[in-house]
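According to TrEMBL:
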- 99-180: domain 'Carboxymuconolactone decarboxylase-like' (DOMAIN)
- CYS135-CYS138: disulfide bond (DISULFID)
- CYS135: active site, proton donor (ACT_SITE)
- CYS138: active site, cysteine sulfenic acid (-SOH) intermediate (ACT_SITE)
Amino acid sequence: MSLLETLRQELPDYGKDIKLNLGSLLGAGAVPELTAAQRWGSAVAAAIAARQPRLLAAIAAEAAGTTDAATIEAARTAAALMAMTNVYYRAVHMAGDAELARLPAGLRMNALTRHGIAQADFELFGLAASAVKGCEGCTRAHVDGARKHGVPLPAIQAVLRIAAVVHAAATVLDAATAADTPAEGDARPLAVA
């Protein structure tokens, strides 16, 4: 049994839909709209953005057995860039100041075009991370970029579904871990039988 399947089986009952969706989106033969590289690169980028170590380790291990190292490295690169740009552009958008929005970001983003894979795939990885982080401007930009590079809408939707389910799995795993961890000074676990 793979690390991802083991983790999937550990999800509590209240995460049953998440467990099923993980299987349908990341299981063998899943998501015909995406290549294996697109599917696993998107999952890796989303898992990095979701910041749940066990889930990231499981998805990265599965990806390593399914796609090439360049794809995984590009997914990591996309997630790293989105960790920076999602915060910046979301904050500029929230500020609602037209003058601020016109100023150059002044942030190095060379890897947006120097990542070693097809630009269409990199746009999908950026989309997955941006969807998890909730940056409207970045999400729109990556949808537009993916479409510009010939990615059909069903593939874009599949990446959004992967991002949503990976984020939900991270949330459920964090909640389950917290429920099993006693509060400071409390020797009793918080989980209710």
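Each residue, glycine too, has its Cβ placed from N, Cα and C.
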Once DSSP output is merged into helix, strand and coil, CYS135 (disulfide bond) belongs to coil
Averaging pLDDT over all residues of the domain 'Carboxymuconolactone decarboxylase-like' (99-180) gives 96
For CYS138 (disulfide bond), the number of neighbouring Cβ atoms whose distance to its own Cβ is within 10 Å equals 24
Residues in the domain 'Carboxymuconolactone decarboxylase-like' (99-180) per DSSP class, helix first, strand next, coil last, are 62 helix, 0 strand, 20 coil
Cβ contacts within 10 Å for CYS135 (disulfide bond), all chains included, total 22
